[in-house]
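Worksheet: one structure, shown below.
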Amino acid sequence: MCSRGDANAAGAAAARRVTGLCYNMGLLIALALLCLFSLAEANSKAITTSLTTKWFSAPLLLEASEFLAEDSQEKFWSFVEASQNIGSSDQHDTDRSYYDAILEAAFRFLSPLQQNLLKFCLSLRSYSASIQAFQQIAVDEPPPEGCKSFLSVHGKQTCDLGTLESLLLTAPDRPKPLLFKGDHRYPSSNPESPVVIFYSEIGHEEFSNIHHQLISKSNEGKINYVFRHYISNPRKEPVHLSGYGVELAIKSTEYKAKDDTQVKGTEVNTTVIGENDPIDEVQGFLFGKLRELYPSLEGQLKEFRKHLVESTNEMAPLKVWQLQDLSFQTAARILAAPVELALVVMKDISQNFPTKARAITKTAVSAQLRAEVEENQKYFKGTIGLQPGDSALFINGLHIDLDTQDIFSLFDTLRNEARVMEGLHRLGIEGLSLHNILKLNIQPSETDYAVDIRSPAISWVNNLEVDSRYNSWPSSLQELLRPTFPGVIRQIRKNLHNMVFIVDPVHETTAELVSIAEMFLSNHIPLRIGFIFVVNDSEDVDGMQDAGVAVLRAYNYVGQEVDGYHAFQTLTQIYNKVRTGEKVKVEHVVSVLEKKYPYVEVNSILGIDSAYDQNRKEARGYYEQTGVGPLPVVLFNGMPFEKEQLDPDELETITMHKILETTTFFQRAVYLGELSHDQDVVEYIMNQPNVVPRINSRILTAKREYLDLTASNNFYVDDFARFSALDSRGKTAAIANSMNYLTKKGMSSKEIYDDSFIRPVTFWIVGDFDSPSGRQLLYDAIKHQKTSNNVRISMINNPSREISDSSTPVSRAIWAALQTQTSNSAKNFITKMVKEETAEALAAGVDIGEFSVGGMDVSLFKEVFESSRMDFILSHALYCRDVLKLKKGQRVVISNGRIIGPLEDSELFNQDDFHLLENIILKTSGQKIKSHIQQLRVEEDVASDLVMKVDALLSAQPKGEARIEYQFFEDKHSAIKLKPKEGETYYDVVAVVDPVTREAQRLAPLLLVLAQLINMSLRVFMNCQSKLSDMPLKSFYRYVLEPEISFTADNSFAKGPIAKFLDMPQSPLFTLNLNTPESWMVESVRTPYDLDNIYLEEVDSIVAAEYELEYLLLEGHCYDITTGQPPRGLQFTLGTSANPTTVDTIVMANLGYFQLKANPGAWILRLRKGRSDDIYRIYSHDGTDSPPDANDVVVILNNFKSKIIKVKVQKKADMANEDLLSDGTNENESGFWDSFKWGFSGQKTEEVKQDKDDIINIFSVASGHLYERFLRIMMLSVLKNTKTPVKFWFLKNYLSPTFKEFIPYMAKKYNFQYELVQYKWPRWLHQQTEKQRIIWGYKILFLDVLFPLVVDKFLFVDADQIVRTDLKELRDFNLDGAPYGYTPFCDSRREMDGYRFWKSGYWASHLAGRKYHISALYVVDLKKFRKIAAGDRLRGQYQGLSQDPNSLSNLDQDLPNNMIHQVPIKSLPQEWLWCETWCDDASKKRAKTIDLCNNPMTKEPKLEAAVRIVPEWQDYDQEIKQLQTLFQEEKELGTLHEEETQEGSQKHEEL
């Protein structure tokens, strides 16, 4: 017989990496197996984790349709047609055939890369939230009884098509429904017609019938057809989620915290653990390979593997010298593996590090590896700011933040990148050129454009360089470089800061603006101030009748007779006479003039024949020419301020800010020698690149729409039948194919070849050239093009009348000229054609030949002009309607694919606008793309086309962070490198990682999935740390993510992805944590085991932990627009139209942050009724889904990504001096908190009408079965000793399913109320990673937002405490104005002095004689706590201290003690908390509560201590156990009352 030692020896001898299997392999295995058969059989233990949604799963067909809709609505509708009847169950005998049918239908519209992304997306179930959102919106309608599908017409529902007509007749009387971004709108020919929303399930016959009838009604222009998914009878199974991590951390067993209660295991479906699990290498044996080679030895191989696993999983601690090089040794081990397995090895080592570490300590590290890593680290630090040990991931140069980015946002990045890369690929750009072009930064710069202020139209009030009042100021620009205190405004005799007020004198805001200008002047602010008065500019206007003209002439009179400064004083005097809110009148002007200049005839100044009329016409001309937008306008160095910045208080602040900001700009210019002393400063400012002749908001707006120009085909507009059959992208390609361009110098490849004539700017002018406005637009474009060699122009006709020969002469003449003439002749001829006199002559019957120009082939021109083919105009008109979505005759300018318009009928778009447009394109994208295209060496016309198409593609990308340029040094010895497949587009993926960090645990599995999904060039650089002094990873980890849906052997869908921890060591104590995306709130729902204390030696086979996604968070930031500060204590509610207040929250002062718990659907955000709604109103909102002017703020949650909104609020006019928190107690109106407090036995507290002062609120936290057992005993001790009614508040985040199920039953038996509260740790607050420290954080960091405002005071009682007195006494204890009271640590047990850390060092000096308090029991006055912003102060201090891992070792206790000077603590009398560790035995008899503190000297387990120290503890324990037995019996008999178990499925709880 072999001993276990022999077997180990055999295993060790076999432990060599087996890659090539040598001939005696069979012999080796036979020997090893022979030994192993005698070993005792022991079952392998495992832990599994799954996560599902609360809502039911929708058919995958619907999710696939949403994937396509994200690409385009056109693809969505095509897919809907292609997938008819897929949903009918009789079509498919298995899940796999159903899945394959979906893919087959979808693949028609997708490239190979997108096909993979679709499979991944279906595996992630990322669109299940979108379908559920539609489902919730449908339920809100609500659906008519017994209908599988239904229609909603302006709020009226029906499922009978017959009644549709009558509903349509009355529809205009009802308001149109609010449509959302995710709605599927069928292309409509008449946007004004009624909206019909069809709720149905695609893929079914019933859907198809109604759908086709609605399409024909839409095509006839009778309806606007909108489709929303709706499943009348969903399958009753949840969605299995992935994209999260599961951590199994090893717990310290210094203090035993395990419950000794026996747990019955549940039946677990063991098939969850597959035979061919990928973790397949044990001690060098590749078992997957061995099973393939020796199928007959399956059983023996299984035994052999198990033995090897058990021998490896011993976890003896390592010596400090063994730890030092673990990071480098792990890197060496990974890099030694064959390149295709390196990621597998990295995943295996990082995710199972505690059991792998010992073997790794034997790995040798080569000098080259070490040197290369250290060399690269200098570079990482210098260019991307990474320290040794840090991690980073870049995809095509985009930084993917592993801490904040979840898999769903990463998926979006992959998809966006695929669009661009495939677009470039379709345009024939490949390989390295593709990546170089992709990395061009062509995002529109955030430049503030400025207009030229060197205009005679401006009347300057002062001039800093000339006026005597500034004589004492220094005039040298070198003064700018002299150091001053921060924020000091330098007074220099130069016109560095110029402010121009463009005003209409009779506008009511003008008086305020004049007084601000006056304030700047009188305070000697270094500003040159000027005015432009925009008034009536008709020839003969009488200033005695027109107040605006009167102000202008009076100003000019004084300016001319005296000077600008006195003219301005006169202006202020005029406006001083005007009462607030009134307008200036002629008599105001007359009275000031008569008083100041009594000797002058006022009529001669103001009247029709006034000699003081300068600038009147120029002023309006300047205003219209610069296009600066509606009056009033204030320019700072030519840059217009935003409208909201013109508020008087705001304007003052923002101007000071601008002065300081531009000072920095000038300092730099002087320092670099760009601005010298003798230069004219204003000239210098006006020569900056951001100065343009005209500001056109249409051109400068951030919202931009682009054509997709990436398709290619061989169709043209002169074949209308073919053209009309193309899809949008195909039509655009045909339009581009058919274009002939006008260019300067008439150079095109037909005549002369010169590669410098790639023209980076292409304008397509869209309009009706047989109408004056269309001709004018084209004329201005041609005029501009004559001045620029960068531009080419072509036309698209959008006729406003029925198409016929007589209605289109100019359009046909332009087309014929472009088809038949040289570029130069065509240009000259077309310029003639768009003049008004030509159109008039043609209309009068003059022959078109009369207008021919020199060098023109007239007969060829006439032949084309007179042919009867109108295809090109028909195609153009169809294109305008279907793709550009224009009405007949509307004008648009398309510049490099960007659609500007439609322009209003009277809107000016002139030569200056074309100039501005060209400037912007050249600066942001045109030149950069042109220089890359030049390197491709394609001919000129093709090159200009390419610039246009590439620009449209790149510019259409959502604005994100700039791509990072990285040129890493060495990758010979320290990087994993995977090459992409040749000839296909590939992603450039770079990762930097230390293989023994938490980031590596997530990154390795992620990269493995990406490798199966996408073609990529991958480089993973090792970023190791040296000289480790601690074990770098103390946890096992699994990342749940699969590239495609998996199936069982019988072709059914597998039960969804799960995390599997197989072959785990049995001796350690584990705690299980989920690592989910930031906006998910998950809870443990089904497991009898204690997930906080998993001890595998006591488990039968499998610990199966089931979690549920309880809520998706809606997060936001809120500011008061008046103060710019967060409105602390403001409350929001979130609900639906049927149930307006489902949840409620409070705004924090930190960043104005708030969070609300929701689920997929459409939600309405409101201010909470009561003080919030009385004092404030919502002013504006951003990131929401309703139009800015809508009454309700609607927010749609329809995906798994974070949703963060911004809300600005404003105090109501009569509430300006009210304070939200001054009287928070009045919030007890029948608002939300009352509407669903779950009282005992699940009742709402309204029925238990209790005066709130007569209730004691007790808060506690617990995690793990032992502490929940203590918690129940603590509650019992409170109830036995307290006569006043009690309400318990528990932190829900970490409670076990067992506790949540039992608590309603206990509440009913002992007649108390309880509530579960929860809050998600905000993403911006420094995160803790250890579960115990997270729970400590919840004890102190969120007290102001965890409870409703109606709770004034609460007591915190630790779970392991026993109460021996009535807690009413503590509740009523006078805190002397402090926000909270804590008990100080006892000093009486002298033998513990060595452990009292607060008596020396940092704590002794910080406390300065004050006591150090224990956090096991405290009382909080929430009104005071909120009033002094204690929560915000505590979070602020925590944020600073927690960055240092060595501070706040007892977070919940150290933080309030550290803040004792800012947030005072009232010390409670010592008897309120007795604990044996610190207090002597004599004081025990006075104890009001006993706490089972840990004893650092004896390390006695909690349970033993409880029994020994507290005599009544065992009685309480027995009493609860009997109640639990009773509960179990009733549960098994099914006699539990419904409401007693309701908590488990409760729909909403408060924060």
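Placed from the backbone N, Cα and C atoms, the Cβ positions cover glycine too.
According to Swiss-Prot, the feature signal peptide maps to 1-42, an assignment based on experimental evidence.
Among the features that Swiss-Prot reports, N-linked glycosylation site is placed at ASN269 (among others), with the record citing sequence analysis.
Look at Swiss-Prot and you will find ASN536 (among others) tagged as N-linked glycosylation site. All protein chains included, ASN536 (N-linked glycosylation site) registers 15 other Cβ atoms within 10 Å of its own Cβ.
DSSP assigns ASN1015 (N-linked glycosylation site) to coil in the three-state reduction, placing it in neither a helix nor a strand. Annotated N-linked glycosylation site per Swiss-Prot: ASN1015 (among others), in sequence order, evidence recorded as sequence analysis.
What Swiss-Prot lists as N-linked glycosylation site is ASN1228 (among others), and the listing cites sequence analysis.
Summarised as a single figure, the pLDDT of the region 'Glucosyltransferase' (1244-1551) averages 85. The region 'Glucosyltransferase' feature in Swiss-Prot is assigned to 1244-1551.
Counting only residues at least six positions away in the same chain, the Cβ atoms of GLN1361, ILE1362, VAL1363, ARG1364, GLU1512, TYR1516 sit under 8 Å from the Cβ of SER1277 (phosphoserine). For the recorded site, SER1277 (phosphoserine), the DSSP three-state label reads helix. Summarising the annotation, Swiss-Prot assigns phosphoserine to SER1277.
What Swiss-Prot records for 1531-1551 is region 'Disordered'.
Annotation comment: Swiss-Prot describes 1548-1551 as motif 'Prevents secretion from ER'.
Cβ contacts within 10 Å of ASN1015 (N-linked glycosylation site), excluding its own Cβ and spanning all protein chains shown: 18.
Note: the Cα of ASN536 (N-linked glycosylation site) and the Cα of ASN1015 (N-linked glycosylation site) are spaced 66 Å from each other.
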